[in-house]
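*Asks:* Dropping a structure here in structure tokens format, bear with me for questions.
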Amino acid sequence: MKESWSSLDTLETNFRPLVVIELAKGTKEETIEWFTKRIVDKKANGGAQLLIKPLVTENGDENIYLVGASHLRLLLGAETVGLVKECNDNSMRAFTYSSRKTFKDFADDNQNFLTMSECQYIIKHELENLRAKDEKMIPGYPQAKLYPGKSIVRRLLTNGILVQIFPLHDREELKKLRHTWYGQVKIGYQPLDEIRCYFGETIALYFGFLEYFTFALIPMAVIGIPYYVFAWEDYDKYVMFATFNLLWSTVILEVWKRICAVMTYRWGTLLMKRQFEEPRPGFHGVLGINPVTGREEPVYSSIKRQLRIYLVSVPFVCLCLYFSLYVMMIYFNLEQWALDYHEENKSNFSSLMLYVPSIIYAVVIEIMNRIYRYAAEFLTSWENHRLESSYQNHLILKVLVFNFLNCFASLFYIAFVLFDMKLLRQSLATLLITSQILNQFAESLLPYWLQKRHMKKMKKRMHSLKMDTDLSLVEQVNSEKEMGTYFGTFDDYLELFLQFGYVSLFSCVYPLAAVFAVLNNITEIYSDALKMCRVYKRPFAEPTANIGVWQLAFETMSVISVVTNCILIGMSPQVNALFPDSKMDLILTVALVEHLLLAIKFVMAFVIPDKPRDIQIKLAKLEFESLEALKKQQMKLAAESLKE
């Protein structure tokens, strides 16, 4: 018997809370009744067809609700979102309810066929796709206007009626994961499969890339130490080191693609169909029909979006870049003042003062980066992109351009305008080390301390109460709702991207950059694991097949590093001595070497396949089987039409 949405029973005797919805205190009863009705209503009526029940708290306010779903509802939802699962023949295929018996470990009574993170992802998908039909406003709030196609959850959030939606932790699974992940200090690989099952593919891929990048930096660190110790000023000896660095940056990025393909195939996300992405919750417009899917969804003029981008966003970014350069020039004035002060006094204090401008500038850079990030998020949201991928690409582009200029402009100015290699080494070391310390403190240590302090106060308050309800669940919800929100891997990838720039752009000047990067990343693995498990709420899982536009960002940085290192080597006195009569010959030689290295990089990128051979065969086999199944279906329909 084929199950359908209309026949799906929303009643479930064993209610399993998966997601928490927190409404603002004092939310009107008619609003709560309307919203909960939309959540439990049938799909045919525009509802989500989920289960919901209030959580009774110590003060009796019913502003917190627990959301779950029946087992059948989750299976049908898995088909809707296109989850890929392993079949009995060890192949990976998109899950369909009609062929559920062909999937490994499936049984009608097996509630663990879908992981908890997958169930929460399905519920999030359904809640985000609750859209207004005929409503003109949120009941009880005339100022909260609605129109057909508007995301209900988004409107509730922007009007402060809905405080937050977050998935619950599984305490037992989290305890096991903490022990295997960071509970013991050891040299070994991270439990990426367990991280993926608990947090989803996006976060697992970040930790996989962080681990891989750290191991890949070790050869650079090992080779860089003797260059730093024994041959500091002999730039001609850095030619081999810089060449190795440039080829190394290409190889590690190409090999990562292969490792990523193996992992995401095993997890099923490499096969997920993403070409028909649904509109992001923040997208708004007049309700219309998608010409591809035939579904109702908001429609917004692309011309209006382009006008917003080119007439507002681009000028704003240019203004911020100008301000960044202005701050940079103030830094150089401070640097000159410190140098003059040292020349006059020649004391230990004046020697320390030489590093003060760089430290202040590093702190200012971090502050400016964080302020600009908020502005970039606001602008990108205001541009009203239809797809989440488009939104992320425009946001990343804005942030990368500013961060690149903000972090590296001073280094380029020192290297190619001032020609001061000693100051370049000093500035590079100061910026790298200071930014690493600040990031570790701001991202992990400070939030962990604040969270631990809050948990002590909350536990004292909870245990002083006498409650008839499930204390453990109430305690869990109340503790998790006060945790910080993890806003995704954006900042984590950005930190690695900037670190990659410090290591590769000026490798021939400061070989120890890779050493500090390795030391930072080892602690980063443990601190990031700590913040995911102890500091932040559990994030919703997000299926992904790769690290997205960050792969292109890292590859672009590696190309820029070829140019910078070739120019730096060409500027060295030893290389200049080889061309005493003609500077044009020097420029042409450097340009030739740079083009040759770039050619080698692109050839290597072309020669190294993005996917291993066995993965390519499996993907081709699945495509062949899909075509054969389609042919059989068409032949069956043709035969039936001939009979008629």
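Cβ from N, Cα, C; glycine included.
Please treat TrEMBL annotations as automatic predictions, because they have not gone through curation.
These came from TrEMBL, pasted as-is:
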type: DOMAIN; residues: 195-621; note: domain 'Anoctamin transmembrane'
type: TRANSMEM; residues: 212-232; note: transmembrane segment
type: TRANSMEM; residues: 238-256; note: transmembrane segment
type: TRANSMEM; residues: 309-332; note: transmembrane segment
type: TRANSMEM; residues: 352-372; note: transmembrane segment
type: TRANSMEM; residues: 395-416; note: transmembrane segment
type: TRANSMEM; residues: 496-519; note: transmembrane segment
type: TRANSMEM; residues: 586-608; note: transmembrane segment
*Asks:* Between the transmembrane segment (586-608) and the stretches 212-232, 238-256, 352-372, 395-416, work out which stretch tops the count of Cβ pairs under 8 Å.
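*Replies:* Answer, by Cβ pair count: 238-256.
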*Asks:* Please work out which recorded stretch in 212-232, 352-372, 395-416, 496-519 has the most C-beta pairs separated by under 8 angstroms from the transmembrane segment (309-332)?
*Replies:* 395-416
*Asks:* Which residues of the chain, 6 or more past the ends of the transmembrane segment (352-372), have a CB below 8 A from one of its CBs?
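*Replies:* Residues 320, 324, 327-328, 331, 334-335, 337-339, 341-342, 399, 402-403, 406-407, 410, 426-427, 430-431, 434-435, 438-439, 442.
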